[in-house]
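These notes are about the structure you will find just below.
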Amino acid sequence: MFSAKARWIVAVVLRVAAAGAAAVAAVLMAMSHDEVIVYGMEVQAKFRYTPSLVFFVAANAAVSACSLVVLLVPSSTSKLAARLLLMADVVLGMVLAGAFAAAGAMAELGKNGNSHAGWIAICVQVPLFCDRVRSALVAGSATIVLYYLMLMYSIYTLPMFP
């Protein structure tokens, strides 16, 4: 249907786009911080204070780095190597989805709080922090879409039998 070179170009474009979106998501989340004075006390909000946001940064950074390192692998590798690479991509995709879900849950908690647990919403006090987290989540959702498109394309183009 498509030439080998055309398939390779599509795979590279998808991989670079996913790596770029993951890098943007990681950087945006890593830059998420805000300071305010509440009742005479200085309150800081930083991504490092929430393990799920740290996980989001680490997962996106790992996906970005691994996606770019894979580009160094020659396209003429064995079918076994291609399958191992596909399995690694699937695992990274699952980690990426888990990190996005965890960060999304924390963003929801920050925005609306939880009245049953007595947790107040913090986005009213630290809007800059919440805006940056929201921006990172938008980039993270783009990463997931691009990464799964790349996975589906890799599965489609991978030969089924040796």
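Think of each number as a place in line: the chain as shown, counted from 1.
Heads up, the Cβ atoms here are built off N, Cα and C, so glycines get one too.
Here is what Swiss-Prot records for this protein:
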| type | residues | note |
| --- | --- | --- |
| TOPO_DOM | 1-7 | topological domain 'Cytoplasmic' |
| TRANSMEM | 8-28 | transmembrane segment |
| TOPO_DOM | 29-52 | topological domain 'Extracellular' |
| TRANSMEM | 53-73 | transmembrane segment |
| TOPO_DOM | 74-83 | topological domain 'Cytoplasmic' |
| TRANSMEM | 84-104 | transmembrane segment |
| TOPO_DOM | 105-135 | topological domain 'Extracellular' |
| TRANSMEM | 136-156 | transmembrane segment |
| TOPO_DOM | 157-162 | topological domain 'Cytoplasmic' |
Do any residues, 6 or more residues outside the topological domain 'Extracellular' (105-135), come within under 8 Å Cβ-to-Cβ of it, and if so which ones?
28-29, 31-36, 38, 43, 45-47, 50, 52-53
Please spell out the DSSP helix, strand and coil residue counts for the topological domain 'Extracellular' (29-52).
7 helix, 12 strand, 5 coil
